[in-house]
Amino acid sequence: MHIQFPSKPTLPRACWEGRITAGSPGMPPDEIEIEPVRQSSDKMLYCEAESPPTVEKVKPARENSETDLEIEDDEKFFTTGQKELYLEACKLMGVVPVSYFIRNMEESYVNLNHHGLGPRGTKAIAIALVSNMAVTKLELEDNCIMEEGVLSLVEMLQENYYLQEMNISNNHLGLEGARIISDFFERNSSSIWSLELSGNDFKEDSAALLCQALSTNYQIKKLDLSHNQFSDVGGEHLGQMLAINVGLTSLDLSWNNFHTRGAVALCNGLRGNVTLTKLDLSMNGFGNEVALALGEVLRLNRCLVYLDIGGNDIGNEGASKISKGLESNESLRVLKLFLNPINMDGAILLILAIKRNPKSRMEELDISNVLVSEQFMKTLDGVYAVHPQLDVVFKAVQGLSPKKTIFLLTNPMKLIQSYADQHKITIVDFFKSLNPTGTMKMSVDEFQKVMIEQNKVPLNQYQVREVIKKLDEKTGMVNFSFLNTMKP
């Protein structure tokens, strides 16, 4: 049987001119379209490489069924075509091909961070990706791609509906880059749902453009705008966008310059947002004045699960305002307050607010720069009794003797393993013996109770909590089934 391979890879019309091309995405494979020859343009993603000669490959006769070998041959040809296309694009752009990209262009994840591509190297990559159906996540951080490179990427995205995640952080995009990105996402549908734009010199005008696009485009789910220069006006634009956007689920705004006005405006938009579950506002330094607005967000918002407000100059006064929101919040699970000037008094306000809320779902409170006392630990025991799923991370306990400190910090799994070894049983057998039903699962509440009451391996509250963290399925249950392979 003779198999005649096509003379060139079948590509979307953005790459080959004046040829019969594959239909647009969504067009049946047997439909084709004919385009007239266009004039060459350095601003378009065209690769005018001559088509390679027709290759005829003879294969031995086989049974009337496809085999893995036939499929592999087809895939090999597809890969060869992609490689040739990229090499021709590099020749056209006058750049040296990236060997890593050639080796990995048929993988789902391609990491080209810190490769020094520049605008023309980025364009060569974009040309190769126009027809690529394998790459779903592309990393291009720190390549100095600038606005010319961004233009090549968005032209590629008009044809490529397979790429889903893209990182173009730290590329000096500035206002013009923000304009190109915003225009594309405002006017075009795309498969991109995760976009990282950290450290691109975006200022207030850039915020206005990006927020205008995000006010109508709900395809983006995860957005990183950290390490930019948004301030009060940028905060107002972001707040207005968040009030109407129903797509974003994760937003990183850390390391910007939000002051009181901008941060409060941002919080106002968050109050009624119904999709955002993760928000990072750390390292903005907006102070206690914004804490009241944050407390209102926690009181009214029913969607936010993760909130990082570390490094924002929030003291005990701000902690008091935030605690008001924690008293009624039913969705938040993680609250990070690390690197804020909160002392033990502020920390007590926070944990008591959680205790007073029977519907709290809090799992982690990060106050890891706060020194606490033994009295705080006793108060915390009462909170843990109500909310056993909670983990409060603090710096250390003041005034403990070295012996007591060692007792508190001894790895509980090693103690249990030692007991199991002495009695010639497995660690799973130890836990099953504590379960009245003898099964591999218990509720967190019941497990905590029996671990405190058992006298085989004496453990304190904090060691029991460490055991729970290792076994917790995050469903309110602990599971012993994987302990045979767990290291102490």
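Glycine is no exception: its Cβ is also placed from the backbone N, Cα and C atoms.
Some features that Swiss-Prot has for this protein:
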type   : residues : note
REPEAT : 134-155  : repeat 'LRR 1'
REPEAT : 162-182  : repeat 'LRR 2'
REPEAT : 191-212  : repeat 'LRR 3'
REPEAT : 219-239  : repeat 'LRR 4'
REPEAT : 247-268  : repeat 'LRR 5'
REPEAT : 275-296  : repeat 'LRR 6'
REPEAT : 303-324  : repeat 'LRR 7'
REPEAT : 331-351  : repeat 'LRR 8'
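Taking Cβ pairs closer than 8 Å, the repeat 'LRR 4' (219-239) reaches residues 165, 169-170, 185, 189-204, 206-208, 210-211, 247-270, 280 in its own chain, all 6 or more past its ends.
Tertiary neighbourhood of the repeat 'LRR 8' (331-351): same-chain residues 282-283, 298, 301-316, 318-320, 322-323, 360-373, 376, 379-380, 383, 392, 394, selected by CB-CB distance under 8 Å and a gap of 6+ residues from either end. Using a Cβ-Cβ cut-off under 8 Å and counting only residues 6 or more beyond its ends in the same chain, the repeat 'LRR 6' (275-296) has close neighbours at 226, 242, 245-260, 262-264, 266-268, 303-315, 317-319, 321-325, 336, 339. Mapped onto DSSP classes, the repeat 'LRR 7' (303-324) shows 9 helix, 3 strand, 10 coil.
Residues 198, 214, 217-236, 238-240, 275-284, 286-287, 289-290, 293-294, 296-297, 308 of the same chain sit 6 or more residues outside the repeat 'LRR 5' (247-268) yet have a Cβ under 8 Å from a Cβ within it. Helix first, then strand, then coil: DSSP counts for the repeat 'LRR 3' (191-212) stand at 9 helix, 3 strand, 10 coil. Using DSSP to sort the residues of the repeat 'LRR 2' (162-182) gives these counts of helix, strand and coil: 9 helix, 3 strand, 9 coil.
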